[in-house]
Structure formats: C-alpha cells, structure tokens
Amino acid sequence: MNPAPNLILVGPMGAGKTSIGRRLAERFGLEFTDVDQVVVERCGATINTIFEHVGEAGFREREKAALGQVLAETGKLVSTGGGAVLDRDNRLAMQRRGFVVYLRVGVDAQLKRLGRDRSRPLLQRGDREQVLHDLAATREPFYLEVADLMLDTDAMSPGAATTALAQLLAAQWQRSEQAA
Ligand code: S3P
C-alpha cells in the first residue's frame with residue numbers, strides 16, 4: 001500500500017486523462033481537477049490563445065503555477081497536461097503529493113482519438129504522426145519516472161479503463177490526509 005493525499009494522472013494527449021479521471025474521481029469520492037482547465041480559467045483564454053501570446057514557455061510557467069497550487073490540496077483527482085512531466089520540479093511535486101498513474105497510449109490510437117481535435121496547439125500542423133512520435137520519445141522516460149502504476153489504454157474504452165484502474169488502485173493506493 002502506497003499512501004498519498006491525491007491521485008494524479010499523467011500521460012500523452014489522447015490517453016483519456018480527463019474522461020477516465022472524471023469517472024475515477026466519482027468512484028473514489030475525490031474532487032476532479034484538470035490542470036489545463038485551471039490555467040484556462042486563470043488566464044481567461046484558451047490554450048491555443050495562451051500559446052499564441054506567450055508561447056509554449058509562457059504556457060509551461062502558468063501550468064507549473066497551477067499544478068503547484070492544486071497539489072497543495074488534498075483529496076483531489078488531478079488530470080495533468082501531457083507536457084507537465086517535462087519540468088523536474090513538477091515531477092518531484094507529483095511524487096511527493098500524489099499516487100501517480102501513467103495512462104499510456106500508442107500513436108495510432110492517439111491519431112484516431114485526436115483526429116478532429118483543434119484545441120491542442122502542438123498538433124496544429126500537418127505532420128501530426130511525426131510530432132506524436134517525437135513527443136513520446138522525449139516524454140516516455142519522464143512518465144515512467146514519476147509513475148507508481150501504469151495502464152495501457154490503447155484497446156480500452158474509458159469505462160473499461162476506469163474499472164481496471166479502480167481494482168488496481170484499491171490494492172495499491174492508500175488515501176492519506178497529510179497536509180502540504
Ligand atoms: C500538451 C497537452 C495538453 C495541453 C497543451 C500541451 C502537451 O493537455 O496541456 O495543449 O504538451 O502534450 P492534454 O494532455 O490534456 O491534451
């Protein structure tokens with residue numbers, strides 16, 4: 001049993017962090033928080049607009065601030081953006097403040113799931129497949145580094161993934177109420 005005050009989902013775009021996260025939060029009586037959504041609400045702008053105005057680096061600063069604030073709380077199911085693991089402080093904060101689940105997905109499934117998506121600035125280009133391969137090569141080691149548990153979602157619906165995770169978490173995660 002691994003005690004932690006929050007559950008945290010990491011993984012690439014299209015892994016199902018939001019859809020699985022909402023379902024899991026309900027099962028475990030946790031409050032669902034999507035870090036991207038916190039950034040959008042704080043800035044009063046979409047992720048695309050934030051990238052346009054302050055670039056990826058500016059977005060990462062805002063993402064880091066939002067993640068730090070969310071992780072100071074307890075009893076949360078935290079869905080993180082696919083690039084949140086790039087920052088070392090973010091990775092340390094996640095490990096300190098949560099039981100971290102890596103939702104894995106391969107590029108083929110990502111392309112299917114994100115086919116019509118226009119909300120992710122990193123995918124607003126023609127060579128989506130290459131971009132997704134490159135992001136995976138850079139980020140996979142970081143997802144593995146922070147994760148307490150990994151689930152491959154390639155062939156799973158959000159409902160099936162939630163059921164599988166709920167069983168694994170019941171055996172491996174112990175909710176603790178320790179303050180920040
Ligand atoms: C990003 C993933 C997005 C969002 C932003 C950047 C990334 O979140 O944070 O578009 O760098 O992979 P999701 O993983 O929830 O799509």
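Here the Cβ of each residue, glycine as well, is placed from N, Cα and C on the backbone.
The Cβ of Thr18 (ATP binding site) lies under 8 Å from the Cβ of Asp34, Ser79, each on the same chain and at least six residues away in sequence. The ATP binding site feature in TrEMBL is assigned to Gly14, Ala15, Gly16, Lys17, Thr18, Ser19, Arg120.
Here TrEMBL flags Thr18 as Mg(2+) binding site.
Here the Cβ of Gly82 (substrate binding site) has 22 other Cβ atoms within 10 Å, regardless of which shown protein chain they belong to. For the recorded site, Gly82 (substrate binding site), the DSSP three-state label reads coil. What TrEMBL records for Asp36, Arg60, Gly82, Arg139 is substrate binding site.
The record gives Gly14, Ala15, Gly16, Lys17, Thr18, Ser19, Arg120 for ATP. Within 8 Å of the mean position of their Cβ atoms, the other Cβ atoms in that chain belong to Gly11, Met13, Ile20, Ser79, Leu103, Val105, Arg113. Arg60 (substrate binding site) falls within a helical segment according to DSSP.
For Gly16 (ATP binding site), the nearest neighbour among the binding-site residues Asp36, Arg60, Gly82, Arg139, judged by Cα separation, is Gly82. Candidate binding-site residues: Gly14, Gly16, Ser19, Asp36, Arg60, Arg139. Those with a Cβ under 6 Å from ligand 1, in sequence order, are Asp36.
By neighbour count, meaning other C-beta atoms within 10 Å, the densest spot among the binding-site residues Lys17, Arg60, Arg120, Arg139 is Lys17.
If you draw a 10 Å sphere around the CB of Ser19 (ATP binding site), it holds 17 other CB atoms from the protein chains shown.
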